[in-house]
Each structure stands twice: as C-alpha cells, then as structure tokens.
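Per Swiss-Prot, the feature FAD binding site maps to THR108, TRP109, TYR110, TRP111, ASP120, VAL121, TYR126; the stated evidence is similarity to another entry. Here Swiss-Prot flags GLN118, CYS119, ASP120, THR252, GLY253, ALA254, THR255, ALA256, VAL257, GLN258, ARG275, THR276 as NADP(+) binding site. Residues or ranges marked as site 'Transition state stabilizer' in Swiss-Prot (evidence: similarity to another entry): ARG390.
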Amino acid sequence: MTRAILPDVSPDSIDPQFLEEKYDQERLKRINAAGYAKYSEVGDGELERFKVTHRLEDVASSREPVSVDTDVVIIGAGYAGILTAVRLVQNGILNFRIVEKGNGFGGTWYWNQYPGAQCDVESYIYMPLLEETGYVPTERYARGPEILKHINLIAKKWELAPKTHFQSEVSAADWTADRWTVKTRQGDEFRSRYLVTAIGPFHRPKLPGVPGINSFKGNTFHSSGWDYEASGGSATEKLTKFSDKTIGIIGTGATAVQMLPFVANSAKEVLVFQRTPAPVNVRNNGPTPPDFAKFLEPGWQLRRMDNFNKIYTGEPIDTSIVSEEWLSATLQVLFGTESDKPSDPAELEQLLARTDFQVMERIRRRVDETIKDPVTREQLKPWYATICKRPCFHDEYLECFNRPNVRLVDTDGKGVDRITEDSVVVDGKEHHVDALVFCTGFEYLSGVDRHGGFTVTGKDGVTLTERWTPGPSTYHGLYVHGFPNFFCLQTAQAGTNPNFMYTATTGSTQIGHVIAECLKDGVREVQPTKQAEDDWVKMILEGGRGMMHLMRNCTPGYMNNDGNLDEKTARRMFYPGGPTAWRKLLEAWREKGDFEGLQRTY
C-alpha cells in the first residue's frame, strides 16, 4: 500500500501576520466565558432520554445486594481497571474486587460502540499486555469490536470475571475506621483496605446546551450510547434502518471523524453540523504484516510506547519504531533538547509560532487538494495551532464531503441555534433531519468524583470535591493527602499524552507495587505527606501555566477547558517532563525503596 503524506509547504509561502490575525478572528468567534455551562449533562432531568440503558440487562434490580470484605476495591472494568487488577495478581494479591457500572468488561469500549470506532494511536502501543497475551492486532488501528475482544481476553487470562461485580453503579466511597466502604445504587456494600478509582478520562458524556434539545421527536443519542435498534446494522455492518433517512451529526471532533464515513455509506443523506473544523492528518491504516511478531524481542511493546512518546514530544531518537503521523515539528521545538531551543522565552515563542504555522498549513493544503466544492473547502480548514486540539487521522473523512449525500452545515463558530421536533436550526434556517447523533465529547478535565458520578469522602469527612475546589492536588498524580489508602488512575498531574494506555500501564504498575509492599509490611494507612503533595502541585502549576500561555490564542475545546485558562485548569495539567520521564521517575522511586513522600502508619 502506498503511504499518503501531507503536502509540502515552503516556509516562504507562510504569511505570519495574516495567520495571527486569522487565528485570533476565529478564536473570538467561539469564545464563551460560561465554559462547561454551555453544555448539558447526559441523564440530567429532561435529558434522561440520552442516558444509556440499552446495554444494561434488567438484572440489577432483581438480584440481592452483596456485602463483601476484601483487601482492594477497583472501581471500573475498562483497560485502566483491569490493568490494575493484573498488577495486583502479578504482585501476589488475589483478594480484590472490581466494581463496574456496565454489564461487561471494556469501559470506554463497552459504551462507545458507535460505527467506525477505532483507536487513533497505533494498536501495537494502545492495546496493552500484547506480549503477555501473545495477541497481535489485525490492523494498525484496531476497530472497536477487536479492542473489546482483547479486553475480554485479558480478563479471561487473569481470571478476573469471578472477582468482578457488573451492573453495580457506585454512589459513594467513604473512609471510616481504617477501611473504605464503597456503596452502590443497587444496595451493594464493599469494605476494603485500599481503593483504586480507574474510570478513565472519557466517562462523562456532555451535550451542547442548545434550546429545544429535548423536543426532537426522532431517534437521537450521544455517540457513546449508539442505539443499533434505531439504526439497524452493527459496528461492522451497514446501518439498514438509516437507508431512507437524513441523519444529522452535531460535532466534528475525533468521534465524528471516525463515524462519518460509516454513516455516509448507509444513510440517504448526512448533514454534519460544525462549530470548529478538525485538523485531519493522514492515517495510513492497513493490516498488520504477517511477520510483524516474528522478530520482536522481549520488552518490545514498552520500547515502542517510549518511541511514540519521544516522537510526540520531540525528544531525540535513534530511529522511529512507530511509523507515526503524530510527529509534529511544533512539539519537537516545545519539548526538544535544551541545546535546540532559544534561551529567550520570546524567541522560543516566535520559533514555535513559525514552525506551527507551517505544520497547520500542510493540514489546510490537504483540504485544498481533497475537497472539490470551494465553499466547503474553506469551511473545513482549521485555523488554530496544533496544540489547541487533539489531532485527528483519517483516510476517508475529508473525501466524504465530495459525496452527493453528505452536506456540511458550518455554523461559523457559533454552534447551532436551536433544535425543533424535526430540525436543527442554524443561523435562522431549519435543516430537516430524521435522526440526530451528538458527537459532542466528554468532560475531560473534571475531577475523579465528578467523572464517576459518586462522592469520595476521606479523613475528617472531607470530600474529594471539597479538597479539590482549587483544582486537583496529588502526589505523582496518583495519591491524595487526607485520603489514606486511596489511588486514582487519571490524567491530571500524571505523565500523560494522547496514548492514555501508557498512563494506565505506568500508573497501575506503581499502584500495584505500593499496595503489595504495604500489605506485606502490615501498613495500616498510607498517604502522601502534605509537603510532598505541595511540591508536586507547585511543579505541575509551573508547567501548566507555561502550557496555558501557549494555549491562550486557541479556539475553545477540551484541551484548554473550553477556553477557561484559570489556575484551576493549570492544576489539571500533566507532568511537565512527559510520560517517559514520569515512568522513569516512578521506577527510580521504587528502586530507592524508602517510600519518599508517602507517610506510612502501622
């Protein structure tokens, strides 16, 4: 297969003044000081219809509540949760339980079964434990059903099903009398010495706060609750019930980019409602070579993950193991070696801007070369910096807009006006649709308790929400002062990049080690010291403020908390050294063996 590449762009063809003015113009169109207030929560009040229930069997209401005493409770049975469980088993800990809201393993991949769903980083670095399971992904970018199959393969290999309680939705977790008590809405109660929240970053869907959203009479759902009863077909089969219908898709982020080609192949007509165009790079997906695993040496997956990390952050590498389109010259400048960077901050910022103008111009040139209609062509061009949005990669998305049955409805940055019983209104004009799909994403930077929809109460009756009122406070991005024996696998203040599986792999290894050592040594309580947590947060804030300065001219989106670049957002940023440095820091911490920064009580 011939590899696609982005068009070349000469630096001499770039007009920095024009681009600065254009970026600012597009940003100002989209500014909304309300931030999350412009979104509505799935399942709130009149939006109960958007709550996903069709993947839950009616067994939770009929079964008897369970009461369990155990050493460890893990909340969440997605990749993060089962990775934590595997680490416990590898450390000889077998007395644990997993508590999961859904009716199966999978987490994000259990709920997000929309057509076209795929991982958007390489399967070989996204799907964990490939060496341990001997599994080889069939494609460079695996599709949802295959990923779900792999998750269940892990659960089977480590015999996790007997230790997992499905359809058990946590309502509260309280620290009392040296134990955590976890209660569910089904009346269950789990008492444990240690608690791990592993609910992942894409758990709480959001809908646009559009007037009339509940008045629509046709089938409508959020992408994370795709209803195949309404559409027909499956994640891999044609959507037969859409064949005579006009389908509206609101949103043009990573989910819509994956979904549109599949829906366009099934529906009579598709209307795509766009606030901000996505930056769509080439993907070059294809089958895994037959001899892929033949020459791999032990430790290959971690090396490949680290190679991606370095490519993404622009660190020097000997060779690119990951043939990866995530490579960005802008990020190389931002994270490269000190000898490569101007020492003056103003000069560095200018260099970043010049470099990024060229990177994004290549994305826009791809639109020029792909889209036939001149108006649609201009509307699909992203006018912002690389750092502003999660990059998208697809080989068919842009081509869809050349199809006669696909029409872009650009809102010029304003979003839709309102929704009626059979239409979406943009700039006063009604656009009739038979079904409406919201690809409007998730709350990404909210806290663990809000993500999960349950309260976490630590010592002295203080909730995590109260403790994190100024923003997250952690040590290593994993533990919280005042919350003994509590661990959270999350993105805030941890080593994170677009491959969340690296964060989950690294964090679960650390959590498994700490719990195992504490159980072995008879530790009653373990938590970070206030000083260790304060020092970690100070470091995060310093890096976070720098990142927010670079994002100040971005259009609103989840990467910049919808334009709310305040101190609270800075505390939600990531370990500034990058994910590989975070892993090495934790490895050195374990090797040292003195539990630096953690206070252990016997």
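Using the three backbone atoms N, Cα and C, a Cβ is placed for every residue, glycine included.
Structure coloured by features recorded in Swiss-Prot.
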{"residue": "THR108", "record": "FAD binding site", "Cβ contacts under 8 Å, 6 or more apart": "GLY78, TYR79, GLY200, PHE202, HIS203"}
{"residue": "TRP109", "record": "FAD binding site", "Cβ contacts under 8 Å, 6 or more apart": "GLY78, TYR79, ALA117, GLY144, ILE147, LEU148, ILE151"}
{"residue": "GLN118", "record": "NADP(+) binding site", "Cβ contacts under 8 Å, 6 or more apart": "TYR141, ALA142, ARG143, GLY144, GLN258, ASN285"}
{"residue": "ASP120", "record": "FAD binding site", "Cβ contacts under 8 Å, 6 or more apart": "TYR141, ALA254, GLN258, CYS392, PHE393, PRO498"}
{"residue": "TYR126", "record": "FAD binding site", "Cβ contacts under 8 Å, 6 or more apart": "CYS119, ALA142, ASN499, MET501"}
{"residue": "GLY253", "record": "NADP(+) binding site", "Cβ contacts under 8 Å, 6 or more apart": "ALA278, LYS389, ARG390, CYS392, CYS439, THR440, GLY441, GLY557"}
Cβ neighbour count within 10 Å of ARG390 (site 'Transition state stabilizer'): 15
Secondary-structure category, per DSSP, in which GLN118 (NADP(+) binding site) falls: strand
Other C-beta atoms that fall within 10 angstroms of the C-beta of VAL121 (FAD binding site): 24
Greatest inter-residue Cα distance in Å for the NADP(+)-binding set GLN118, CYS119, ASP120, THR252, GLY253, ALA254, THR255, ALA256, VAL257, GLN258, ARG275, THR276: 24
For THR255 (NADP(+) binding site), the number of other Cβ atoms found within 10 Å of its own Cβ: 26
Residues THR108, TRP109, TYR110, TRP111, ASP120, VAL121, TYR126 [recorded FAD binders]: greatest CA to CA distance in Å: 19
Alpha-carbon spacing, THR255 (NADP(+) binding site) to TRP111 (FAD binding site), which is rounded to whole Å: 13
